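*Asks:* Below are the structure tokens for one structure; questions will follow.
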Amino acid sequence: MGANTFGKLLAVTTFGESHGPAIGCVIDGCPPGLELAAEEFAHDLQRRATGRSRHTSARREADEVEILSGVYEGRTTGTPIALLIRNTDQRSKDYATIARQFRPGHADYTYWQKYGIRDPRGGGRSSARETTMRVAAGVVAKKWLKQRYGVIVRGFLSQLGEIRPEGFAWDAVEDNPFFWPQAAQVPELEAYMDALRKSGNSVGARVDVVAEGVPPGWGEPIYGKLDGELAAALMSINAVKGVEIGAGFGSTVQKGTEHRDLMTPLGFLSNHAGGIIGGITTGQPIIVSIALKPTSSLRLPGETVDVDGHPVQVITKGRHDPCVGIRAPPIAEAMVALVLMDQALRHRAQCGDVGEMSPCILENVGFRNADD
């Protein structure tokens, strides 16, 4: 099974299944000298973890990272960093009734068609459990980016079903289980999710990620465009069905005079490009958004077929998220950070002696457009 590694100078390989003994990753290409301890992974892993609120899966994993290699006396050595997390709360019996059925909307059918065999326990390799190791690898990338360049990568839930934020404050994002930027709306979200969970249904969501402090010049033209690599990385996350960068699909209704980001000696006047033009960073905040579909693991019966092609009714038991988007911000942050670190290393390798060319336009608008 291929395609378990991504990145060029910073290459990350993940392995393991949802109900296997462990999951892990290997980070190859991290520069030496970065201080790193197992305890540093706990914060972001807990942000992603299930069981954080009644609105996520009830599965409870300790998610304690073991550093197997690549770190000596608390510092990275420049050799591959191997991380391992042992699974401790599997409940494989929940999947006994669907072992020979294809759950609609899941990868059961496509894995079966491709490999002729599949692990039905929690989706096996296709489970969102795999994203735990992306978040772990992202901890390394976030720390390196912040220390080396002052880059900060943050995400938030920007839409839950039809509900959108009525205001914005970064301080609010980490103070509620929804990563929601408007504290006053949290009771509304709680009530919405309670009703949804009782009905046995699920709902989609949107997550925004903002990378601030990124220098101009990162990325490559044509086939190595930064926005292309960000899109590919984010589309690899479970349940993601769409990616926007900057104004995204909203640019289809804009005029050129609206969309172009005018420049002055004091900075850009807007950021419809999302911080990337021609595949290369402008120095403005990078703004990306992802659309996550509603999970197909439902207690409501639905039509499907079994491995013999016979029609059956499927009801998915077990512990599942009624909205996978609620836990997605740390995952999306990690993927953005890993792509940026890889691009930073590539830029340093090819163009490290170029520096920032004059004029370097100052950033004078935040991640939200000045005309929003």
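Cβ atoms are placed via backbone N, Cα and C, with glycine included.
Marked as NADP(+) binding site by Swiss-Prot: Arg48, Arg54. What Swiss-Prot lists as FMN binding site is Arg125, Ser126, Ser127, Asn238, Ala239, Gly278, Lys293, Pro294, Thr295, Ser296, Ser297, Arg319, and the listing cites sequence analysis.
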*Asks:* Around the Cβ of Ala239 (FMN binding site), how many other Cβ atoms lie within 10 Å? Please give the count over every shown protein chain.
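*Replies:* Total other Cβ atoms inside 10 Å, all chains included: 20.
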*Asks:* Looking only at DSSP and grouping its letters into three states, which state does Arg125 (FMN binding site) belong to?
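*Replies:* For Arg125 (FMN binding site) - judged by DSSP and reduced to three states - the answer is helix.
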*Asks:* May I ask for the distance between Ala239 (FMN binding site) and Arg48 (NADP(+) binding site), taken between their Cα atoms and rounded to an integer number of Å?
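*Replies:* Arg48 (NADP(+) binding site) has its Cα 15 Å from the Cα of Ala239 (FMN binding site).
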*Asks:* Among the binding-site residues listed here, Arg48, Arg54, Arg125, Lys293, whose Cβ has the fewest other Cβ atoms inside 10 Å?
*Replies:* Arg54
*Asks:* Select the closest residue to Arg48 (NADP(+) binding site) from the following binding-site residues, measuring between CA atoms: Arg125, Ser127, Ser297.
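*Replies:* It is Ser127, whose Cα lies nearest.
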*Asks:* Rounded to a whole number, how many Å is the Cα of Thr295 (FMN binding site) away from the Cα of Arg54 (NADP(+) binding site)?
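*Replies:* Computed Cα spacing between Thr295 (FMN binding site) and Arg54 (NADP(+) binding site) is 16 Å.
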*Asks:* Just counting, how many other CB atoms are there within 10 A of the CB of Ser127 (FMN binding site)?
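*Replies:* Around the Cβ of Ser127 (FMN binding site), 21 other Cβ atoms lie within 10 Å.
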*Asks:* Spatially, which candidate from the binding-site residues Arg125, Ser127, Lys293, Ser297 is nearest to Arg54 (NADP(+) binding site), comparing Cα atoms?
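*Replies:* Given the candidates Arg125, Ser127, Lys293, Ser297, the nearest one is Ser297.
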*Asks:* Near Ser297 (FMN binding site), how many other Cβ atoms are within 10 Å of its Cβ?
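*Replies:* Result for Ser297 (FMN binding site): 23 neighbouring Cβ atoms inside 10 Å.
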